[in-house]
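Undergrad: Here it is: the structure, laid out below.
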Amino acid sequence: MTVIALLGAGKIGEALLSGLLKGGHAPGDLLFTERYEDRARELETRYPGMRAVTVEDAAKRADVLVVAVKPQDIEPVLAELVPLLGPSSLVVSLCAGLPTVLYERSLAEGVPVVRVMPNTPMLVGEAMSAISPGRYATAAHVAVVKELLSHVGQVVEVPEKQQDAVTALSGSGPAYFFYLVEAMIDAGILLGLPRALAGQLIIQSAVGAAKMLAEGEDHPVLLREAVTSPAGTTINGIRELEKHGVRAALLDAIEAARDRSVELGREHEH
Ligand SMILES: NC(=O)C1=CN([C@@H]2O[C@H](COP(=O)(O)OP(=O)(O)OC[C@H]3O[C@@H](n4cnc5c(N)ncnc54)[C@H](O)[C@@H]3O)[C@@H](O)[C@H]2O)C=CC1
Ligand SMILES: O=C(O)[C@@H]1CCC=N1
C-alpha cells in the first residue's frame, strides 16, 4: 500500500487522514509530522495505529509527502525537506496560493510536485479535489495522486493557473454553504422554532437539494423555479434576496477569496 506522510496535521490534514482510513487505508501506512506535541498525541489517540514521526522518517518511509501547513509556515518546512528529497520523491502541496514553482525553486532539481486544492468534506468521503502537476511531475505521478484522492471524493485535473479560482470556489466553498445554513437556522429561531427543529429542517433541505444537484436532476435555475410557485411564498423570499444583493455578495466574496489566494502566492515570491 502507498505510504503517505502528512507534514502538518491540522484541520485539512486530519480530514485527509481520516478520509483515507475510512476508505480502507492501513493506519500503519499513514504517518504524520506535527509541530505541536499535544496535537500529535491527540491524533494518535483518535486514530490508533497512526504515528507521528520526524521529517527525516517521513521522507525516508513515505511514497508521497503531503504538505498541509499554513502557507505562511511553508519556509521552515521547505528548509527541512531540501536535504531529504530527490527526483524519486513525490511532494503533494495542499497549501492555498502556493505555486509548484515555489517548491521547485527551493528543493533539489527534479523533485516532482503536484499542487492540490481539496476541501474538508474529505472527512466524509465527499471531497472535491483539483490537482495540477508541476514541472517535474509526470503522468504517473498525477495518476498516483488521483488514485489517492479518489478514495476521499471526486478529483479533477486543472491547469495550475486556475488553482486560485478553484481555491475560492471549492476550497472555501464549504464554508459559504455552512454560513448559509447557519443563517437559515437563525431565521428559524426568529420565526419561533426550537433550534433543534430548525436545524433538522434546514440540514435535510440542504442534503436533499445537494443530492438533486449532484444527481443532475436539472440545472440549478430550473430546480429553483420548480420551488417558486406563482404568487406563492418562495418568490417573496427571492425578492428580499435580490433586494439585499445576495448574488452580487457571493460574486464579490468568491472574487475576494481568489484575490487572497493570489496574494498568498505572491508573499512567497523572492
Ligand atoms: N482547512 C481547509 O478547509 C483547507 C485548507 N487547505 C490548506 O491546507 C493547509 C492547512 O490548513 P488547515 O489544516 O486549515 O490549517 P491548520 O492550522 O489547522 O493546520 C496546520 C497544521 O500544521 C502544523 N504545522 C505547522 N508548521 C509545521 C511544521 N513545520 N512541521 C509540522 N507541522 C507543522 C500546525 O501545528 C497545524 O496543526 C493550508 O495551507 C491551507 O491553505 C486547503 C484546502 C482546504
Ligand atoms: O481559508 C483558507 O485559506 C483555506 C484554503 C481553502 C479553504 N481553507
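Each residue, glycine too, has its Cβ placed from N, Cα and C.
TrEMBL entries are annotated by machine, without manual review.
Here TrEMBL flags ALA68, VAL69, LYS70, PRO71 as NADP(+) binding site. Annotated domain 'Pyrroline-5-carboxylate reductase catalytic N-terminal' per TrEMBL: 4-97, in sequence order. Taken from TrEMBL, the feature domain 'Pyrroline-5-carboxylate reductase dimerisation' applies to 160-264.
Could you place the listed features in the three-dimensional structure?
TA: In this view, LYS70 (NADP(+) binding site) is surrounded by 12 other Cβ atoms within 10 Å of its Cβ, with every protein chain counted.
Across all of the domain 'Pyrroline-5-carboxylate reductase catalytic N-terminal' (4-97), the predicted model scores a mean pLDDT of 96.
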Undergrad: Would you mind listing, in sequence order, the residues at least six apart from ALA68 (NADP(+) binding site) in the same chain with a Cβ closer than 8 Å to its Cβ?
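TA: Result: LEU6, LEU7, GLY8, ALA9, GLY10, ILE12, GLY13, LEU16, LEU94, CYS95.
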Undergrad: What is the number of residues in the domain 'Pyrroline-5-carboxylate reductase dimerisation' (160-264) that are helix, strand and coil, as DSSP sees it?
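TA: So the domain 'Pyrroline-5-carboxylate reductase dimerisation' (160-264) is made up of 87 helix, 0 strand, 18 coil.
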Undergrad: Which chain neighbours of the NADP(+) site, leaving out ALA68, VAL69, LYS70, PRO71, have a Cβ atom within 8 Å of the mean position of the site's Cβ atoms?
TA: GLY8, GLY10, VAL67, GLN72, ASP73, ILE74, VAL77, LEU94, CYS95
Undergrad: Cβ atoms within 10 Å, counted per site: which of VAL69, PRO71 has the most, among these binding-site residues?
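TA: The most densely surrounded of these binding-site residues is VAL69.
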